[in-house]
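One structure is given here, and the rest of the page talks about it.
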Amino acid sequence: MKIFFRYQTFRFIWLTKPPGRRLHKDHQLWTPLTLADFEAINRCNRPLPKNFNFAADVLDQWSQKEKTGERPANPALWWVNGKGDEVKWSFRELGSLSRKAANVLTKPCGLQRGDRLAVILPRIPEWWLVNVACIRTGIIFMPGTIQLTAKDILYRLRASKAKCIVASEEVAPAVESIVLECPDLKTKLLVSPQSWNGWLSFQELFQFASEEHSCVETGSQEPMTIYFTSGTTGFPKMAQHSQSSLGIGFTLCGRYWLDLKSSDIIWNMSDTGWVKAAIGSVFSSWLCGACVFVHRMAQFDTDTFLDTLTTYPITTLCSPPTVYRMLVQKDLKRYKFKSLRHCLTGGEPLNPEVLEQWRVQTGLELYEGYGQTEVGMICANQKGQEIKPGSMGKGMLPYDVQIIDENGNVLPPGKEGEIALRLKPTRPFCFFSKYVDNPQKTAATIRGDFYVTGDRGVMDSDGYFWFVGRADDVIISSGYRIGPFEVESALIEHPAVVESAVVSSPDQIRGEVVKAFVVLAAPFKSYNPEKLTLELQDHVKKSTAPYKYPRKVEFVQELPKTITGKIKRNVLRDQEWRGR
């Protein structure tokens, strides 16, 4: 009788668990976590669960709600390309397709839990499939923009010891040119209708892959994603995030900054290589059960952008300030955005005048937010709060955001200092885990009881934060983080360049752009400066990701330096911004 009872109990648990989810080893009844549970965790009212997997605990739960009619008839992913091609997946379809993708990664590609996978794909549906497949299998997902050059890819593959790369045909030639220098890379997976010698075909393998796959029981703090983030010196650092830091940590962002519900359709303009894609196009959106809309445009243009907003029932728009600066130059009153109700921006400071022009022309407010690759959303203008033009808004839970001095002391309102997040007595779960293989850089982010962002700001008496500038020399242009070292390294490869210093320079559309101060070698000093500028710009575009090239170049006799010979970038930067 006892055996029969135990069998019936086990059968009940098996039938009620989420699809593709293994039972806990102790066969305890599985209780699904809800959006309210995730919010309670972010508000520190509930402990972090021991185990968590975004695919099983979030995506598969929305799939269940679709079956029971608890979620509106709204796609999970809606992709278009402006050429008549369209993809619409429900959460159920996303689940079955991502299980097929998981089998592709683990069987023909031979990847196992904890292996690192580099993914360099444009805004195509396969990017989302591979992302979710990695979550299901415990494979560490490492996204990169398709603008990466062969040199950039080589660094990332060698630094991460990636065992496999998933790439599109735009990137495959660059990978091929450096693959022999990557001894850890075992498999190349091509997402393309074309076949390449030495590459496995994702489409062919996916077509015959099984939909049966059991999701790995991942720990909440288990590594899930690595982002390469630029700094002022050296090459990009590998910021590692866990299943919960991204998968649970963006709950409040989704509910109160993005203001999403399961009936919403969000269009987030971020490139797939950046953490902003994780915020707006994966975790925040799908935590709330919303639809992620994607328009793959060959090249951004305002007319196509505005036509998309008028044609599709997009309710929520998230774009960098650069896009809004371009849009407000159009006569927006001619357009009818019938469904659009909530607009957001972030990645760089937004000019107050642009915010006002957008509001006057569309009747919609712009809600600015501020965050970082390492820690996600830090502060934001949230729905229901007063918007102070030019402010980044108030601090977001679970963070205690403060302004501190060089000794780690909290400064009073109105005093400029570094924007910092309190780490003690308890480190917030949504922090990045570490910079992989770089304990010195990881330790350098801590000052006393705080994590320092590297940004300077001011908090007013109402708790609103105002961005002043970078504490270091990182340039943020059109939302891209650009380290001066990478641009200077590219420039020095050209025979005309003796040395250079790269800083930010004000720009009406992009906020700030890369400017290079260049000391020329003697044989090149008589060259036509305009032609030489174009030559150097073209050289940088070929040597590193094209978005990093210096849009401004000034030839100088010498660079300002300290007594020890270090270039004083701050002098050049101040010179650029002084008259603004």
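Start at 1 and count along the chain as shown; that gives each residue its number.
Placement of Cβ uses the backbone N, Cα and C atoms for every residue, glycine included.
Features reported for this protein in Swiss-Prot:
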BINDING   229-237, 368-373, D455, R470, K566  ATP binding site
TRANSIT   1-22  transit peptide
Using a 10 Å radius around its CB, how many other CB atoms surround T229 (ATP binding site)? 19
Those binding-site residues listed as E368, D455, and which of them has the most Cβ atoms within 10 Å of its own Cβ: E368
With the fewest other Cβ atoms within 10 Å, the residue among the binding-site residues F235, G371 is F235
In three-state terms from DSSP, label D455 (ATP binding site) for me. strand
